[in-house]
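TrEMBL annotations:
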type	residues	note
SIGNAL	1-22	signal peptide
DOMAIN	32-132	domain 'Cadherin'
DOMAIN	133-233	domain 'Cadherin'
DOMAIN	263-300	domain 'PKD'
Amino acid sequence: MKSIFTLSITALVALLFFSCDNDDDTIQYLLSLENLSVNIDENPQPNTMISDFTVTQENLTGDLRFEIIEQSVEGAVSINNQGQLLVADVMAFNFEVNPTITGVVRVRSGGLTDTATFAITINDVLELNPSLSIEDFTATLDENPEADIVIGSVIVTQANLTDAVRFEITSQTITGAVKINERGELLVAEVAAFDFEMNPTITGEVSVTSGNVTDTATFKISLTDVDETPPSFITKWDVTVLNLTVHLPIYSSSPDDRTEYDFEVDWGDGTVQQVTSFDDPDAIHTYAAPGVKTVTITGTLQGFNFFKTRTSSTLFVDVAQWGNVLLGNGTLHFIRCANLRGFSATDAPDLSTTPSCYGMFAGLIFFNSDLSNWDVSNVTNMNQMFTSTFRFDSDLSNWDVSNVKDMAFMFTASGSFNQDLSNWDVSSVENMRGMFMSASSFNQDLSNWDVSNVKDMSNMFNQALAFNHDLSNWDISNVKDMSSMFDQASMFNQNLSNWDVSGVGNMSSMFRLATSFNQDLSGWDVSNVGGMRGMFLGAAIFNQDISNWDVSNVRNMSLMFFDASSFNQDLSGWVTRNVLTCGEFNGGTSALVAEHVPTTGLCF
């Protein structure tokens with residue numbers, strides 16, 4: 001304390017010396033830190049503020065800097081630049097070990113320094129003993145569960161714990177069968193272990209730990225035997241007096257379409273047979289009388305396709321249950337099934353081995369069935385899938401089409417189809433040729449589609465008579481062919497000015513008979529286009545300035561503005577030296593006058 005007093009006197013003398021001759025102008029500097037005495041309960045939380053030091057200061061402009069220069073329990077407390085004393089090591093605040101913690105704090109500002117002591121008295125707190133217990137666990141579970149399903153939760157009783165609770169399986173009769181998570185939930189880990197015939201019961205031991213407290217318990221999982229007979233494939237056939245024979249559409253295997261047959265067929269008239277190959281004679285059955293017959297197939301059937309067999313297709317009228325049938329990787333699966341109007345089945349087929357749905361329902365003019373629960377996530381080809389299904393209008397909004405590359409002619413001539421497809425992920429699609437061609441009712445929002453990989457959009461909305469939705473944000477930079485894209489799309493009139501068409505090579509008939517279209521295309525880069533035949537033929541109201549178009553690579557401009565009864569923009573500056581065909585360029589009722597027609601090249 002003597003040294004502190006001497007330091008203070010020295011500082012005071014220095015301050016008095018540092019003054020002007022005029023006593024009225026003398027500046028007094030002062031920095032003083034008071035001793036601190038405080039009480040705190042034992043076992044506080046880290047960084048708890050114990051108390052503030054009181055500092056007296058005059059005429060100081062610098063920041064205060066605090067430091068602990070000694071303490072009775074090393075590292076017990078810390079201090080911040082606000083003079084707040086904080087708990088640093090919670091273990092030091094134990095009444096039984098350290099009833100008091102003392103020390104010295106120093107404060108600095110500019111050239112001034114002061115110190116003070118602190119004394120922290122630890123209050124004794126009644127400390128309850130921690131407890132932790134876990135109950136034995138029993139459960140019943142059907143065999144063959146899905147991976148990671150929760151079997152149940154162990155029951156834990158705890159009190160006065162300061163550490164997190166941790167669970168661990170310490171032993172089990174089938175290694176790796178069961179696992180446990182941080183919430184104490186037992187889960188299926190190894191599905192194969194949950195086989196009633198192999199392991200009717202799975203037992204083991206689980207431990208729970210918190211700090212130094214541990215308890216263990218047993219678990220017992222009893223499996224229930226489940227009928228593992230695969231679900232049947234149930235179909236219906238309407239046999240007639242003229243055709244009483246049903247020939248199942250099964251066929252030989254090929255490298256890209258592997259087939260497999262080993263099933264029991266119940267023909268529904270008391271006849272039950274076993275089929276083991278595509279050419280098994282028992283795959284053909286003749287009925288004694290006409291009527292709708294229910295055929296139930298149980299076992300392995302991979303490959304069911306009327307295009308491959310061309311038999312009994314007109315007799316096929318329904319699928320009542322898909323069961324475990326695998327349709328195979330053929331095409332045109334239900335072609336010529338003229339009497340198939342839909343499926344009464346509530347389940348869905350397994351399409352995991354059917355990447356191609358090419359023409360699956362093509363030509364089924366009466367077909368209209370709920371397909372909303374079909375998993376098409378492995379399908380890559382939907383070309384012509386619903387072509388000429390005149391009555392089809394099923395909800396497909398939840399289909400995962402993210403792997404599909406080909407959607408050409410998918411809804412061509414699907415005259416009734418008008419369902420929401422706005423959420424489809426079409427980012428993998430490369431071919432949309434004729435996708436909505438003659439889909440005369442379709443008018444849905446496609447503005448968010450990612451079409452950046454599409455190369456062919458020719459005929460995409462050809463004769464889509466109702467379609468008129470925003471496509472302005474489409475990235476069509478990879479498209480090569482836009483011929484007839486909006487041909488006869490009589491309602492379409494949307495802004496396409498932002499489209500990057502610099503890679504397009506063919507725009508023939510693009511807006512042919514698009515009688516409502518009249519949008520700005522002046523910024524289009526058409527320098528790579530070679531075909532513009534009939535591009536605006538019959539586009540009755542189109543009259544936008546396209547005088548700056550670079551048409552130097554175009555070879556065919558015949559009928560380009562034929563019957564374009566409103567168009568009369570000056571195209572006389574177009575460089576048409578490569579045009580070879582330009583017949584009826586402004587023929588018919590075209591409003592394009594002679595002086596506005598191009599003048600360069602052999603054709604004009």
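Placed from the backbone N, Cα and C atoms, the Cβ positions cover glycine too.
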Original post:
Taking residues 6+ outside the domain 'PKD' (263-300), which of them lie with a CB under 8 Å of any CB in it?
Top reply: 229-230, 232-241, 244-248, 250-253, 317, 320, 323-325
Subject >> Secondary structure content of the domain 'Cadherin' (32-132), with strand meaning DSSP E or B >> reply: 3 helix, 54 strand, 44 coil
**OP:** Go ahead and report the DSSP secondary structure tallies for the domain 'PKD' (263-300): helix first, then strand, then coil.
**Re:** 3 helix, 21 strand, 14 coil
